[in-house]
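Heads up, the thing below is written out as structure tokens.
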């Protein structure tokens, strides 16, 4: 069976409509005022449809052609809906209370269709106007006071509050104005006769009727009312009701009868015949949807009736007779339109909080939602639901008002915004629904303290760094935002390192740590402080980090020459004998460097090339020695320039000049005192303490010596007459001497040791012992017997010995030297005390006379071993309790009284080994002679 052609078209139209209906994806409602300028933004289609801008352009978003397309346009770059042309609400919708323009938009891939509805809002842009600028009324003079006359109504193209709201009549003595309101848009005016007319006095009365709308500011229009006073028909038609009410469903078909009005006139003839008509605005489209039969008064449907356009219609009906001078009456017909479910619910957010705090409690209101359905009854009853939103819930507050509230705890750090989808469904048959997406922004709360990447920070700073330089930048992270994440930094004093605010400062905003001073490694090597990071939240949260600052040493100190060669600008002189062998000790240079590590590792060099032939210097020890024996071709004076260098980068150095003078004999070798000036700034507290200790020991020693001598003098009265007063003399050559009559002890200085040798005055000393003990420039010990000995001196006891620390300074027979050697790269200065033999450390050295030595023995030999009753092992630098130190000498003298309490006096003398050997040989020869004499006597 072949389908008719017209049937096929209808079938295709049905399929297309059904397909479009299925792909429709919702309706968006916007509002715009009429007469808005082209380019005015009315909404963001991308945001409302939840489409990103790239998707909007790539998927080919466009408005489907239609009668309303020319008024709007969409910017695909920004997703904004714009006004394209001027919109005149009165032109588009006329008197309709609601003026909506519907658009259809589609996107491809996949194909989706969207319905857009733009509500055009009315503005007061029209003046009330009358149909005719002049209206004539014929009123018989027999009219009674109180009689009413209908005046023409003014038309205002605006609606609502902008439509005509009142009328005014120019002042006169015959008429007053009665303004009646039959509804929001139904305001009428009637002319009421207040005083009887007299055609003979005033046949024509001219009045001005002014119509005023409700706009702000209000607009008005006028019309001239000309009243002709006649003497004609004196009865007017009368309606059976002044107000008729009826109901009709929307979308009723044309021709449907609505209501029948009826009026009667007591006159007869043409004056009693009535004609019905509408009194309405010329452009009132709602009233134009109805028509009335002029004879029967039946009102029926002529056009389209829409409940959403107007849910009630007020019609003013006029009944006029056919008299020569017809008279008329009027009534009101109120038509109520019954709704059918033909509108989907509309969701609007009337009040939405810009942000909601992340610590908002459950039940905190986020926004107010209004649901509107133009339908009535169940068709307009809407149920609201949330789709896939676990953090929020909907609760009804009043009728169609709902509130969106927090249901579960929020965390801005996890999600800073939530898209809440709301679905509204009415209860009509079939039910209609719509959806809306609300974006809720979560505001930050200061619930996170600043965090440092690590709890301890180590910072390495070179000494002598520039003041104000940034030595480190601390940085903390706060997951919060805004002021809650704006971090300020501050210093916390450390109890371990003391106040640090004088050394460093921190930029509170950037975290830059600036140095307030140039650090000196020699004064401070490390310090510690804490940095506190505090956010700007309320209340503020904070955290701390420990910063350890390590000062790195730089080679900023030159080596310093120690006494006796430390005087700047002076030339030092040393004498050596012409007979000096290779390796002869000339002098020893000592220097220190305030730096550490390799920067303080010193080396010694002879900088003048001509001095390298005859002399050499220990690179690490600083000892200057001869390379060979002197020859006749060598100069008598050899100027040497000693260069002391450290191992820093760059290397720093210091120099000292020494003139080595060759003398003929060892007796000419003299050592002069050298006073190293102490700079005031380098005179430390330690030096002061040492000076005080030396002075105290010296004073005590001298007082003890004087006391012993005084006691001795008392005990030997006879000796006081024989000997003169004891005397200590300082010689011009720098030596000291002690004399008691013929007794004298000389002290001089050795050029080998560069230190003074010291004589020790034992007490009590035998008064009868008249000896002169001297130490000459050649370090030889001599004793001259000037008085007869009445007592034979006892040999020194075994308890007289060197202290344990003295053995570290022995070189040759009496030389005592120390050397400072840098051990490793750690910069630890270790005093290395050399010994004269490889004796174990736990052995002590003591001086005792040789076995069999008599009173005349004047040489003492050093031997190793703790000795009887010896002191415990002492470390280098420690002093035994029974010892004392003589200023200017490295020797530590230990004196012990004999246990038997006799007057034995032991002492220590210094001399060359050769001298000791000679004296020992002489004593042995004397002993052999005595033994030989005894043998001869026995033989006799």
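Glycine is no exception: its Cβ is also placed from the backbone N, Cα and C atoms.
Small disclaimer: the values here were computed from a predicted structure and weren't measured.
Taken from TrEMBL, the feature compositional bias 'Basic and acidic residues' applies to 899-917 (among others).
Taken from TrEMBL, the feature compositional bias 'Basic residues' covers 918-927.
Residues or ranges marked as compositional bias 'Basic and acidic residues' by TrEMBL: 928-940 (among others).
TrEMBL lists 24-130 (among others) with the feature domain 'Cadherin'.
Among the features that TrEMBL reports, domain 'Cadherin' is placed at 131-239 (among others).
Regional average pLDDT for the domain 'Cadherin' (240-347) in the model is 88. The domain 'Cadherin' annotation in TrEMBL covers 240-347 (among others).
What TrEMBL records for 348-452 (among others) is domain 'Cadherin'.
Residue counts for the domain 'Cadherin' (453-561) under DSSP, split into helix (H, G, I), strand (E, B) and coil, are 4 helix, 50 strand, 55 coil. Under the heading domain 'Cadherin', TrEMBL lists 453-561 (among others).
The feature domain 'Cadherin' is assigned by TrEMBL to 576-679 (among others).
As annotated by TrEMBL, region 'Disordered' applies to 894-940.
Taken from TrEMBL, the feature signal peptide covers 1-26.
The transmembrane segment feature in TrEMBL is assigned to 688-711.
Comparing 24-130, 131-239, 453-561 for CB pairs under 8 angstroms to the domain 'Cadherin' (576-679), the maximum falls on 453-561. Residue counts for the domain 'Cadherin' (24-130) by DSSP state, with H, G and I taken as helix and E and B as strand, are 18 helix, 44 strand, 45 coil. Remark: secondary structure over the domain 'Cadherin' (240-347) totals 7 helix, 49 strand, 52 coil, with classes taken from DSSP. For the domain 'Cadherin' (348-452), DSSP puts the residue distribution at 4 helix, 56 strand, 45 coil.
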